[in-house]
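According to TrEMBL, the features are:
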- A:THR107, A:SER108, A:PHE136, A:PRO137, A:THR138, A:ASP139, A:ASP205, A:HIS208, A:TYR230, A:TRP260, A:THR286: pyridoxal 5'-phosphate binding site (BINDING)
- A:LYS231: N6-(pyridoxal phosphate)lysine (MOD_RES)
Protein chains: 2
Amino acid sequence: MSDLSLGSDRGALREKARKLDEADPLSAKRAEFVLDDDTVYLDGNSLGALPAVVPGRMADVVARQWGRLRIRSWTESGWWTAPERVGDRIAPLVGAAPGQVVAGDSTSVNVFKALVGAVRMAGEGRDEIVVDATTFPTDGYIAESAARLTGRRLVAADPAGIVDALGPRTAVALVNHVDYRSGRLHDLPGVTAAAHEAGALVVWDLCHSAGALPVGLDEHGVDLAVGCTYKYLNGGPGSPAFLYVRRDLQSRFDSPLPGWNSHRDPFGMSGRYEPADGAVRGRVGTPDILSMLALEAALEVWDGVPIEAVRDKSLALTDFFLECVAAYVRPGRVESITPARHGERGSQVALRCAGAGAVMETLIARGVVGDFRHPDVLRFGFTPLYVSFADTERAARVLAEVVAAGT
Amino acid sequence: MSDLSLGSDRGALREKARKLDEADPLSAKRAEFVLDDDTVYLDGNSLGALPAVVPGRMADVVARQWGRLRIRSWTESGWWTAPERVGDRIAPLVGAAPGQVVAGDSTSVNVFKALVGAVRMAGEGRDEIVVDATTFPTDGYIAESAARLTGRRLVAADPAGIVDALGPRTAVALVNHVDYRSGRLHDLPGVTAAAHEAGALVVWDLCHSAGALPVGLDEHGVDLAVGCTYKYLNGGPGSPAFLYVRRDLQSRFDSPLPGWNSHRDPFGMSGRYEPADGAVRGRVGTPDILSMLALEAALEVWDGVPIEAVRDKSLALTDFFLECVAAYVRPGRVESITPARHGERGSQVALRCAGAGAVMETLIARGVVGDFRHPDVLRFGFTPLYVSFADTERAARVLAEVVAAGT
């Protein structure tokens, strides 16, 4: 490709970006985030950008709720009920009716609750926990611990063939909805149905899908799910994770972390544990209120946003990025490991690239922020609430320059 | 007692308060907290007051670290290492050398890590977990879960006779350093030595002693300890708890929650779990950064404060409160269940009182904030960094008026 044709590509793709941004029904949302024009932020699949509503809310939580009301805020500022209130704000984004999601603890801790809870529901006869072999590491480590503590066997299965690993011995399968490295979207309805056919339960990890695409937990009869809130939900660094337990399983959910916050009458201070009904049963100890209320404020940006519109824009963004990369980057220099088929794609593009670590450092220095995943992957996350098509074109263009300079 | 003699008591006790405040070496610390003169805040044993440094720090964490640096803050703002950095700030307050304390998760979750970890260190032959029968409920619930998951038996023992419950079957004893209801201080050196003599380990819950009195974890050879940071450490509502694992036990600490943050090489993203050395091994998932950094800022008020000075003032405050209560409150109307002996007293006074719930409501309405604990206890926490002797006299005086009016 000559420089001349590249130049005309650029003009055409910039013009296309301009038109796509103009037609974008979510474009007004960008103003609700703190962004700087110098940076293209494509790492919202690791840490979402700051919603503009959060700083003022946090100042009030700290200075007035904690500083002036102090202990009274547990009731007067609604601190005590925040975990289930925040859960109900997350619920519609993952296709759950109210009363099934609770926020709190880390994803790892919630994976533990979900897996041990599922094993106990599955009963004694089922002695295997199946986990997808390409999982984000913490899920695998925690699954191994859950297996060890419940006397089960851990089975790692390739996610493409996970259905074949399910059988009469399976207690529960733990599957990532979207692979954190490749961005591959797994078949939630199909795997859930297959697990149920095998008489097993399934726990979905939604870290890379909550807030990025429709999940349909209720619609597809998912048993349990966990997810983080600091990626596409923009809850802030290390913001509380969430746990979903399907309503008709809640009365059988027997948590391995039965802290006092999950007691039917926590202030009765009884020495005997009696679990609360509903999503509250997934709580453990006193919730991290500052992080929880920052998350609650952050979730306000979702008011009136249909997750289907987010998905439409997400696919348009990743399509357009792949188009720009194909046009700008020297053939063979990078290879997309993100599926081309929409039905198999999350909301990120992962490019295999020689020297990926150094390439990402240079990209960041030039204002295009993605991240590097071991050993050779450049990850670019597309967060439809605040990433534009112009950002996307610029990212591909800078990437092309960086890899051209480096070769 | 006639009104006349009560009047002269008042004069004398107010004068005594004035002199005590004048001589108080910690009196300048009060200015480092956000307080209002209308309120006597004696609930710092439930939620510590706001340190004045926190609002500005949180504004910077939110607006600059999250809002502008975003993902870069994990390294550039020191987010990733915050749990062990904050742990090292807590360490001297509980008598621990650096590298043994890590902050994160709730107290309940840390009790779980500590107990299962201790059971695994104790070995197969020891099949009992001993817990003090008057424990804060969550410790008992979690201990029961730990016993169930590790195939151990839970033994509840009166804390006064807990030493008698320790024997060759004991894997670990979980004991509260200060009883949350009565304020009774348990014998940490004695029980620890007895546990060791029995070949068992001991986990201390420091929720009501960390920041209130010298704990001496290293000095007394404590094995593991947990505690919260939102009481005497003023870390904010639901701020991260902490876990102490004695240095020479760390390599044997086998966490039941081996999340990726505790991996030797977390960003290697290996499917195989290899625990990190040191306090880091107690981490689990991504830490709640907003709450963690509020706590870190809050801990700055301890710079240059010897915990022995805190203890001296704490005992002087509770002594003085008991003196004022004895002088002001009609005999027989309230009864202290907090030990008179200094060696058995924490940093609160608990008064048994008929109609305690309604009495506390009225006290709060009149600006004296303590709390009510089921079924008949008025709890008053004395936080030496910001409670004055004048506060203490006023609290007793208002209490006397309230209970007199109510009878």
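Glycine is treated like the rest: Cβ placed from N, Cα and C.
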The record lists A:THR107, A:SER108, A:PHE136, A:PRO137, A:THR138, A:ASP139, A:ASP205, A:HIS208, A:TYR230, A:TRP260, A:THR286 as binding pyridoxal 5'-phosphate. What's the largest Cα to Cα distance among them, in Å, rounded to a whole number? 30
Return the recorded positions from the list A:ASP205, A:TYR230, A:LYS231, A:THR286 for which some CB of chain B is under 8 Å from the residue's own CB; sequence order; 'none' if the set is empty. A:TYR230, A:THR286
Listed binding-site residues (A:PHE136, A:TYR230), ranked by Cβ neighbours within 10 Å, top entry: A:TYR230
Residue among binding-site residues A:THR107, A:PHE136, A:THR138, A:THR286 with Cα closest to the Cα of the residue listed as 'N6-(pyridoxal phosphate)lysine': A:THR107
List nothing but the one residue from A:THR107, A:THR138, A:THR286 whose Cβ has the fewest other Cβ atoms within 10 Å; the candidates are the binding-site residues. A:THR286
In terms of DSSP three-state secondary structure, what is the assignment for A:LYS231 (N6-(pyridoxal phosphate)lysine)? coil
Once the DSSP letters are reduced so that anything not helix or strand counts as coil, what is A:THR138 (pyridoxal 5'-phosphate binding site)? helix
Count the other Cβ atoms sitting within 10 Å of the Cβ of A:ASP205 (pyridoxal 5'-phosphate binding site), across every protein chain shown. 28
DSSP three-state assignment (helix, strand or coil) for A:ASP205 (pyridoxal 5'-phosphate binding site): strand
What count of other C-beta atoms do you get within 10 angstroms of the C-beta of A:LYS231 (N6-(pyridoxal phosphate)lysine), across all chains shown? 27
Can you see whether DSSP assigns A:THR107 (pyridoxal 5'-phosphate binding site) to helix, strand or coil? helix
